[in-house]
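Notes follow once the structure below has been shown.
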Amino acid sequence: MTVKTTLNAKDVDNAYLRIKDVVKETPLQFDLYLSQKYDCNVYLKREDLQWVRSFKLRGAYNAISVLTSEAKEKGITCASAGNHAQGVAYTAKALNLKAVIFMPVTTPLQKVNQVKFFGSKNVKIILTGDTFDDCLKEALIYTEQNHMTFIDPFNNVDTIAGQGTLAKEILNQSSNDSITFDYLFAAIGGGGLISGISTYMNQYSPQTKIIGVEPSGASSMYESVVVQNKIVTLDHIDKFVDGASVARVGDITYDIAKKFVDDYIQVDEGAVCSTILDMYSKQAIVAEPAGALSVSALEQYKEKIKGKTVVCVVSGGNNDINRMKEIEERSLLYEEMKHYFILNFPQRPGALKEFVNDVLGPQDDITKFEYLKKTSQNTGTVIIGIQLKNHDDLNQLKINVHDFDPSNIYINENKMLYSLLI
């Protein structure tokens with residue numbers, strides 16, 4: 001069988017006809033807060049409100065629905081630790097197909113349970129491998145041995161066409177109010193979303209500049225398209241933005257992105273965390289890290305988008321509540337508002353009071369203090385966390401800490417030590 005490797009806008013239109021009665025048409029919302037913040041018109045495409053709280057359902061449903069009757073009868077497989085697995089599970093139940101979903105053993109129980117919920121009795125989950133790559137190998141072996149069909153999360157034309165239906169919806173919704181977009185921002189992981197969107201927008205809204213956004217710790221598309229001019233596999237990726245942390249983009253998505261994506265932005269993971277918290281507190285939007293990427297990118301484009309009309313794809317909202325402490329910590333670290341030190345503390349009455357009076361500013365707050373008194377020693381080791389009210393107070397804080405203990409260790413600059421705290 002010949003595998004199709006090219007995509008055009010007609011493929012997206014056909015995909016839309018297949019999925020429109022199953023996939024939710026998510027809102028395209030004007031965002032007053034972001035519009036005022038950046039002095040432009042910002043719209044959000046709310047894929048976090050999709051049935052599975054992510055755009056991945058679009059591609060999964062389209063890719064599975066075009067399979068032959070024989071392939072559907074034999075069943076489908078996928079490997080995923082997140083949103084793609086939920087999209088495949090939802091589709092398997094909707095089409096009454098057998099699906100075997102492989103997930104790493106390290107997958108949070110919440111995500112495993114969500115896949116079970118969406119797939120119900122149609123889905124079998126196999127937890128295997130410590131990493132996604134190990135899990136993928138097992139899935140491919142199982143697929144071949146059982147003559148099933150593997151549903152690729154991004155490097156498949158039918159998957160990409162399904163993701164592209166999001167762009168068709170944006171244009172349909174905006175045309176009602178005669179809105180045209182100058183910029184569209186969307187996250188890049190493996191490249192399926194940006195490829196589908198850019199293909200469709202190039203045909204029907206060529207004036208719209210397509211901006212791909214990646215986490216700075218996993219910018220595989222930027223490295224491939226812009227830096228190396230060939231597909232590369234990153235040696236190491238930061239997996240915090242798990243929905244967009246891919247070491248190697250797809251062959252198909254690489255070719256499409258190279259043709260149609262106008263620019264690439266890399267966003268620090270700490271900035272993503274600040275955006276997640278901002279979206280929740282200011283707009284009551286629960287975005288996962290990958291879902292917040294597009295909005296995070298606006299800060300780097302703030303001069304270019306002034307007076308323009310912009311749309312950001314909020315690609316997903318599957319955020320594990322157990323991660324919120326880490327998200328807050330990463331945000332405070334990025335904003336330079338929270339700082340950790342290891343100090344030698346005098347073991348005598350009144351030492352802590354002296355520290356508070358001599359080191360802390362009037363608005364500084366101690367958020368962590370770990371200390372075990374040892375009567376046989378003159379000093380004891382203390383781990384202390386200090387949160388600032390004003391980021392400009394940092395230099396004075398460091399001076400005061402140094403005066404108190406010249407041998408202090410500033411933990412924020414030591415990734416290994418800092419990782420023990422969160």
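Glycine is no exception: its Cβ is also placed from the backbone N, Cα and C atoms.
Look at Swiss-Prot and you will find Asn83, Gly189, Gly190, Gly191, Gly192, Leu193, Ser315 tagged as pyridoxal 5'-phosphate binding site, backed by similarity to another entry. Around Gly189 (pyridoxal 5'-phosphate binding site), the same-chain residues six or more apart in sequence whose CB sits under 8 Å from its CB are Phe154, Glu214, Gly243, Ala244, Ser245, Val246, Ala290, listed in sequence order. Following the DSSP three-state reduction, the secondary structure of Gly189 (pyridoxal 5'-phosphate binding site) is coil.
The predicted model assigns the domain 'ACT-like' (339-413) a mean pLDDT of 91. Annotated domain 'ACT-like' per Swiss-Prot: 339-413, in sequence order, evidence recorded as sequence analysis.
The annotation N6-(pyridoxal phosphate)lysine is assigned in Swiss-Prot to Lys56 on the grounds of similarity to another entry. Cβ-based neighbour count (10 Å, all protein chains) for Lys56 (N6-(pyridoxal phosphate)lysine) stands at 31.
Annotation note: Lys56 (N6-(pyridoxal phosphate)lysine) sits in a helical segment as assigned by DSSP. Taking Cβ-Cβ distances under 8 Å and a sequence gap of 6 or more within the same chain, the neighbours of Ser315 (pyridoxal 5'-phosphate binding site) are Glu47, Asp48, Ser54, Phe55, Ala186, Ala187, Leu193, Gly243, Ala290, Gly291, Leu293, Ser294. Long-range Cβ proximity for Gly190 (pyridoxal 5'-phosphate binding site), meaning a same-chain Cβ under 8 A and a gap of 6 or more residues, is found for Pro153, Phe154, Asn155, Val246, Val249, Gly250, Thr253.
If you take the C-beta of Asn83 (pyridoxal 5'-phosphate binding site) and look for same-chain residues 6 or more apart in sequence within under 8 angstroms, you find Val52, Arg53, Ser54, Phe55, Lys56, Gly243, Gly316, Asn318. Looking at the residues that bind pyridoxal 5'-phosphate per the record, Asn83, Gly189, Gly190, Gly191, Gly192, Leu193, Ser315, the two CA atoms farthest apart are separated by 15 Å. Counting only residues at least six positions away in the same chain, the Cβ atoms of Gly59, Pro153, Phe154, Asn155, Asn156, Thr159, Ile160, Gln163, Gly250, Thr253 sit under 8 Å from the Cβ of Gly192 (pyridoxal 5'-phosphate binding site).
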